[in-house]
Amino acid sequence: MGANSRVNDDEAMPLTGHGAGSRDSIDSSSTASISLTLVDGASHTATEPSKSTNGHKSHTEGSYVNEKYHDSEEESWREDGYVPSGGKPAQRRTRIVFWLLVALCVGGWAMAFIIMATSPNNRHSTSDSSSGGSESEIVKPNTPHDGKKIPLDDVLGGMWGPVEHTISWISGPKGEDGLLLQKSEGGIGPYLHIEDVRNIHGMRANNNSIVLMKESVFFVNDERISPEKVWPSPDLKTVLAMTREKKNWRHSFTGLYWLFDVETQTAQPLDPEAPNGRVQLASWSPTSDAVVFTRDNNIYIRNLTSKAVKPITTDGGANLFYGIPDWVYEEEVFEGNSATWWSLDGKYISFLRTNETMVPEFPIDFYLSRPPGYTPEPGEEAYPYVQQIKYPKAGAPNPTVNLQFYDVEREESFSVNVDNNLKDDDRIIAEVIPASGGKMLVRETNRESYIVKVTVIDAAKREGKMVRSDNVDEIDGGWVEPSHSTTYIPSDPSAGRPHDGYIDTIIHEGYNHLAYFTPVENPKPMMLTTGNWEVVDAPSGVDLKNNVVYFVATKESPIDRHVYSVKLDGSELQMLNDSEKSAYYDVSFSNGAGYMLLKYQGPNIPWQKLISSPSNEDFYDEIIEENKNLARLSNEFSLPSLHYSTITVDGFKLPVVERRPPNFNETKKYPVLFHLYGGPGSQTVNKKFTVNFQTYVASNLGYLVVTVDGRGTGFNGRKFRCIVRRNLGYYEAHDQIQTAKEWGKKPYVDKTRIAIWGWSYGGFMTLKTLEQDAGETFQYGMAVAPVTDWRFYDSVYTERYMHMPQHNTEGYENASISNATSLSQNTRFLIMHGSADDNVHFQNTLTLLDKLDIMGMHNYDVHVFPDSNHGIYFHHAYKMVHQRLSDWLVNAFNGEWVRLRNPKPSGLKRVIRRLLHFG
């Protein structure tokens, strides 16, 4: 569930909470762990993309072999050695057997017909009453109805992922705007270089072109070094390069670091005394003269004028982290691997001290795999490898965090105490924003995320004060949504800004809007946006020369995204992209906001172009990606049509999208698969172009697929979102059930064949919906990596929406999947989970299975993927999990699970054996 990340239609996403929604899946181009959106090979960035860019490599795991599926009954006959016709021995006996078989088959067929005709579970009649929904838009594919069906392997393999170019914007040494960091592939041109955005193809000479690394390899003491990640210094004279990367958690990694001199094209270890020491994090000073880094959980500093490395801390260890987050802060708070911040003048370093001594450990067992370099002790080869994770579950002790400071010139560490009434065990440091003059803006929340406090700390004076305090519980009963987009605005009297300030997203009249606080100590802001719509991860960019703020918002529709600009005084709000069409845009701005990478992401074929901002007098407009191959595919294959509408439940308008199969015929009866995620603040119904598992189900299997974003999801206002506070699962499930009831009234829907499925939070919602519905509307469900008890999930995420279990015992009981009697009313359901899931622990599924065992239930199937984490990838498991979903769903809608509800032994085999024996 991690913190804020752009998420859309997400299957294997981790639980995520707010902002733009959930994390990536096989179709999402957002921020996540398991995206199959393709990044063009020629555009892989040499540095980590900035917060306003999205780009994720395909997570395919090689090729897959089509497996043969055998009918078990057919195989058993072969084992009996029965020959259906002919054969020399015992022809008379064979004829007797033949006629007995005929009689038995006819009788069996007749009996089966009577049973099926009288069974309510097999009546496929539906009500002809109309739905309560209102249809608003249909997105039809370009493909002919007789086009090819989309194979599942093509979807999982990334064939349908749009090519997305990620751009690493970089400022020039003199503040030049519109520069890109580029890495050449295939040995063509210099390996690492800076180009002007107007010369992105390198076709003409440009004064802003700078070669940083001529070759893709360099040598240190005869050792051949091939950099995997690079970070140029702000003055572009040195490159920090990393090799031998080892992945840690979702965002964190370690590696060996090197300093590469641009002028001499030579390199040296970051720490000459420990060249093989694995570094967890490293970052440049704004003045380019030093690098601060964390190794073995301690912080060090290396000044470029010396080869000496100086320790800033020395007591870091297994339970004490400096400058990097622990697991829960990485996953749920920062969404990244850094907890170190330089002051803008480079004179001070602030860093987080994280103490997780009191945090309980959770074991993750690996039965088949081992960490790189790990060798079991002799005699222990047959035992699982157990990884212990400090994982604070809901109500358990959290890590305690404190913000520390280091004076670079004086070489001394210190802390600044600010009394804001948050105790150490009730504090989450959510965001740190460097400001001018050695100042830092610090956003803190209480543990249950309903109190937010903003503090200004002056490192030079070693003092600080609280400048803002809000109690969201008193505003709307909701929660504070984590932010990573707060933007500092320096003072500039010549530009009309006499004081410094910052832009933040706040709650205004029930919606998330942009506010400008100036001076920074002012608790009352100037509103930059207002209305019944919301800003998204805003601001995207700020033009300080012209006092213009750029942002993405849902002003036209909750399921649309458009790019807007507004003046710092709140005037001249305008849309920058095509205002006449419903669409989904994203944007990435250059550091000075003079240029932008505009990304059209749907509903039609995505494209990208580089353009100058409206405030930039130097006009520029160039398309860099049209996804022609994707357009070609969409003309060859039959894609479903998308029908967008809203349905009103309890006075709330819920966005819905229905995928109809090619050659849809309203006179036929179609089974329906509901797909959902449903996590707080997430969004699954939107106008992005996606070809995913849902597309495959509609296109290849010919089923209807419906997705509804119920209450609790994002971008429909705080009232819509925060109603789920303290009671996760209830309203969300209610909305799925009511929507399914309305869909069951449609003349083309077979209401006796309705299923629901989801992954992660969607897995929880699948089970909660089945539990609440008790077989009345949904007959089938498929839950992947589900939460079944919120006491098992991490504290930061869970308590944000549920409070601590100690303060909401009844809510936790209600939110757990515990009513086995209700689940027994469904025809059948499927649960799948990875045994090494470090996010939603396998404990969730095992606990539910125990409850089902106690009740003697048997209307479910379980598939466990050994050593797979939350994404379920190990040993081609990602292919398997989707193939199992597909096969299981086909069997469900073919009535196979109805047949298995009351299995009876077949006497046919015994009769034949006896006849063969005595004949």
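Glycine too: its Cβ is placed from the backbone N, Cα and C atoms.
Bear in mind that the values here come from a model prediction, so they are computed numbers and not experimental data.
Per Swiss-Prot, active site, charge relay system is recorded for S760, D837, H870, and the stated evidence type is similarity to another entry. Annotated compositional bias 'Low complexity' per Swiss-Prot: 27-38, 127-136, in sequence order. Annotated compositional bias 'Polar residues' per Swiss-Prot: 44-55, in sequence order. As annotated by Swiss-Prot, N-linked glycosylation site applies to N207, N303, N355, N577, N665, N814, N819, with the evidence given as sequence analysis. Per Swiss-Prot, region 'Disordered' is recorded for 1-89, 121-150. For 1-95, the entry in Swiss-Prot reads topological domain 'Cytoplasmic'. Under the heading topological domain 'Vacuolar', Swiss-Prot lists 117-919, citing sequence analysis as support. Marked as transmembrane segment by Swiss-Prot: 96-116.
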Of N355, N665, N814, N819, D837, H870, which recorded positions are close to S760 (active site, charge relay system), meaning a Cα within 10 Å of its Cα?
H870
Densest Cβ neighbourhood among N355, S760, N814 (recorded positions), 10 Å radius:
S760
Alpha-carbon spacing, H870 (active site, charge relay system) to N814 (N-linked glycosylation site), which is rounded to whole Å:
25
Where does N355 (N-linked glycosylation site) sit in DSSP terms: helix, strand, or coil?
strand
At 10 angstroms around each C-beta, which of the glycosylation sites N303, N577, N665, N819 has the fewest other C-beta atoms nearby?
N665
Looking at the glycosylation sites N355, N577, N665, whose Cα is closest in space to that of D837 (active site, charge relay system)?
N355
Mean pLDDT across the topological domain 'Cytoplasmic' (1-95), rounded to an integer, is what?
33
C-alpha spacing of N819 (N-linked glycosylation site) relative to N303 (N-linked glycosylation site), in angstrom:
62
On a C-alpha basis, identify the one among N355, N577, N665 that is nearest to N814 (N-linked glycosylation site); the candidates are the glycosylation sites.
N355
Please report the Cα separation of N355 (N-linked glycosylation site) and N665 (N-linked glycosylation site) in Å, rounded to an integer.
62
Euclidean distance between Cα atoms of N665 (N-linked glycosylation site) and N577 (N-linked glycosylation site), Å:
37
Whole-number Å value for how far N819 (N-linked glycosylation site) lies from N665 (N-linked glycosylation site) (Cα to Cα):
39
Looking only at DSSP and grouping its letters into three states, which state does N814 (N-linked glycosylation site) belong to?
helix
Which of the three DSSP-derived classes (helix, strand, coil) applies to S760 (active site, charge relay system)?
coil
Quick check: in three-state DSSP terms, what is N577 (N-linked glycosylation site)?
coil
Tell me, how many other CB atoms lie within 10 A of the CB of D837 (active site, charge relay system), whichever protein chain they belong to?
22
